[in-house]
Structure formats: structure tokens, C-alpha cells
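According to TrEMBL, the protein carries these features:
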{"type": "TRANSMEM", "residues": "33-55", "note": "transmembrane segment"}
{"type": "TRANSMEM", "residues": "67-88", "note": "transmembrane segment"}
{"type": "TRANSMEM", "residues": "94-113", "note": "transmembrane segment"}
{"type": "TRANSMEM", "residues": "189-207", "note": "transmembrane segment"}
{"type": "TRANSMEM", "residues": "237-258", "note": "transmembrane segment"}
{"type": "TRANSMEM", "residues": "288-308", "note": "transmembrane segment"}
{"type": "TRANSMEM", "residues": "314-335", "note": "transmembrane segment"}
{"type": "TRANSMEM", "residues": "347-364", "note": "transmembrane segment"}
{"type": "TRANSMEM", "residues": "370-395", "note": "transmembrane segment"}
{"type": "TRANSMEM", "residues": "402-421", "note": "transmembrane segment"}
{"type": "TRANSMEM", "residues": "433-451", "note": "transmembrane segment"}
Amino acid sequence: MSHKSNHKSIITVKKKYLFANEKYPPMSKWSTIIYIFYMSKTFTPFLSFMVPYLIESCKFTNKDVYNKLNPFFFISSLIMSLVSFYVVEKFGNIISLVIDTILELLVYLLFFLRPERSFLMGIVVCSLHGASTSMNSVLKNIIISTAPDRNESRKVMANTQTLKNVVNIFSSWIGQDIYIHSKEHRVNIFYSIVSLVVSLVVVTLLPHGKAIIKGESIGSYRNLGNYIMKAYDSKTLSYSLMYVSSSILSICLSFFAARSFLERKKKAESNVLFLNRITFKLMKPFRWISYCLVKFYSLISFTPLTTGRENQDIVIHGYVDGFAKLFSALLGYLITKIDFSESSLPSVSMILNIATMASLYLLGTTSSLVFSYMFFIISYSFSSAAKVLVLVLLYRNEKKSFIISLNMFFSSLIHILLSYVSLYMNCNVQTRFLLYFVMCFVLVSGSVIVYKL
């Protein structure tokens, strides 16, 4: 009798977790919490300016950033990709999200201290950022499994992706305007910290039980080999190779494009000033929002900030990043609406990856800042669209979070390999782009061969 009674109580606990009652938020409240969490987690206006900040404010050289600090980002990303799935399995979605948010929050808090050429601080920041980036890739959609209803979770997943795209674009543009008004990065860092604190508070309002992720239990690392063999059939392996290719291209663009912009800024071009003037006029509606944010920061920090005449002779990292995210969101949306046959997906992904590699090669060879902006936007759009296409396929697999985690591990491993090859060969930006070009060509070719087996 006691055994039956005990069993019944366990079922009741699970029902409390799966269905709304007084203790856990109802469906509408759950959805609202999810939307606020993603909105606040995504609004980080400083994100587009991390590399410029390290070079301009922290006084690191280009070689310091790319040869001494970057490897720590990829090493920590590699380690976290191995343990993140295990963390989710042991602690559940909510605790994992809290850990991820705290890691990212620590990055911005350390940046706010503005250490000048402190390699120890730089290594810690890059390591935390790498760990957070890797963990976030695994967790980005897994939180939806806490939904009490499957249909509601699909609806919320679609809506959160749209919300994240909009906030990402808005965040980049507002970040650029804040920098133009304040002429320093601390204001962007401050609002990024505030936004992450809000997301940390909001995520604690979700149910705290362990998430039940069907079909995704490893048990222990002793069973890892057998688990990998079961998870990766030929098609999943093919999709994973494409995912790794598009993933390393995206990160390559995020890191090295900023460096190429700063280097090409040194060469004066009349068309750059013309482009900047046009862009400034287009972004004028956002200028008032950023102006108010700068004034508010000035009041609470008791720091007088200059908000006079705008300097238009600058590298517009934030605007370009925002436009790249806008075009990638539009292209990703169009791709998800097209009903591709499963046999045509490798070909479509191949085309997208080749287009990315071609524009990446042109980005590396051009000396014009205007063309650098253009090729960056094209490369970023195609690589993001390729990743969306592959993720649609990978999320059909029951072991999706484990597969994505392992794919992130191989992605980080490739980045580390290419970083040390570049360091050994003393590569410039153009040669680095070429190395990534060759690696991605090998991965995509391998993907097509495996798919045909």
C-alpha cells in the first residue's frame, strides 16, 4: 500500500510541473515570462562592439586580441560544449539558463571595470564569453520543453525566434547610436548589464523542476560512445557537417570582420562618408531613443557626457551588424516558408555555404571599407540562413540538444586548430579568411558525400 501511495504522489508532482495551478504559472503567464526572458537576454547593445572595445579602450593590439585572447574563447567554448548537455540533464533547463545568464553577466561586469591591457582580465573575459556562447547555443530552444502544452510550445518557439531577431536588430542600431551620442562604450555595457539582470530575475519565475527531455538521457560518460553511434546516422552526420560549416563561418565573421573594418578605416574614402550620412539619416528615429538612454545614464552616474555634433567619420559597426541581422532574419524566414523536399536540402545548404564562402573570400580581398560592409552583410546573411536550414532538420531528432552540443565541440576544435595554424604561419586577415574558406569547403563537400552514402 505504501509503495502504491508513494507512486501516486510522484505522478502528482509531475502533473504539477506539467499543468498550471496555483504554484506554477498558467499558460498565458508562462508565455509572457518566456517572451520577457528572451527579449531582455537578447538586448545587449554592447555585443557588436566587443572587439573594437578591446582594441580602442582596453589598448590591446590586433595581434593581442587574435593571437593571445581569441584561443581562450574557443578553448572554453570547446570545454563547455562537452559538459553543457550533461549540465542540462543533471540540473534541468531553468538552472542551466541561470548559469548561462550569470556567465554572460560576468563578462559585461568585467568589461565595465575597463581594465587597460590586463591580459589576465582579458583571458577571463574571453573564457567566460566562450563558455556562455557555447552553452547558449545548446539552450536557445530547449527552454520551450518546459511548456505545459505541445501546441503552445510550437507557437511560442516561432514567436520567440521572431522576437529575438527584432530585438537583435534593434539592439545593434541602438548600440551604435548610443556610442555616437556618448562617444564611449560604458553606456552600452551598462544597459547590457541591466538587461541581463532583468533576464536573470525573470527566468527564476519559471517552474524549477527538472525538465523531462524524452529520448535524451546519456546516463553517464561511459555510455557516450554508444550514444554517439545511435544519435548519428548518415543523414544526421551530413546535416551536422553543414551545421559546423555555417557555425564556424558565422563566428569567423563576428571576430575578423571587425578587425578588417578597423584596418580599412585608415584609408580615407569619400564614398564612406557619403554612406555614413545616408545611414545616419535612415537611423534618425532611433537617435531620440538612444539620446534619452544616454541622458538617463548621465544622470544616475553623475557623469557629464558629450552629446554635441555627431562624428560621421567612424566605423559603423552597430548599423552594419544590425542590417546583417535584418537580412539574415528575412532570408531565414523565407527559407522556413519554402517546402523543400528532404533530398534537395543538402543542395540548398551547399549553395548557401558556397555563397557565404565566396562573399567571405571577397571580404578578405577587398581594400574598400564600403565593399567590406556589403560583403559582411551578404556573408552573415547566407551563413545564418544555412544554419537555420540545418537546425530545422536537426530539431527533428530526439537527441537534438546532445547533437548540437557535440557539433559545437567540433566547431570550437576547428577554431582552435585554425587559430594556432594562423599564429604559426603569422597570417594576416586575408589569409585567415582563406583558411576558413578551405575548411568550410572540405566540410560541405564531406556533407554531400556522406548524404549520398
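The backbone N, Cα and C atoms fix where each Cβ goes, and this holds for glycine too.
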Residues of the parent chain within Cβ reach of the transmembrane segment (189-207), under 8 Å, 6 or more residues beyond its termini: 17, 24-25, 30, 33-34, 36-37, 40-41, 43-47, 94, 97-98, 101-102, 104-105, 108-109, 111-112, 143, 146, 178, 293, 297, 301
Stretch among 33-55, 67-88, 237-258, 314-335, 402-421 sharing the most Cβ pairs under 8 Å with the transmembrane segment (347-364): 237-258
Candidates 94-113, 237-258, 314-335, 402-421; stretch with most C-beta pairs under 8 Å toward the transmembrane segment (67-88): 402-421
Top Cβ-contact partner of the transmembrane segment (314-335) among 33-55, 237-258, 433-451 (pairs under 8 Å): 33-55
Folded-back contacts onto the transmembrane segment (402-421), same chain, C-beta under 8 angstroms, at least six residues removed: 66-67, 70-71, 74-75, 77-78, 81-82, 84-85, 130, 134, 137-138, 216, 218, 227-228, 231-232, 236, 240, 243-244, 247-248, 251, 391, 394, 427, 432, 435-436, 439
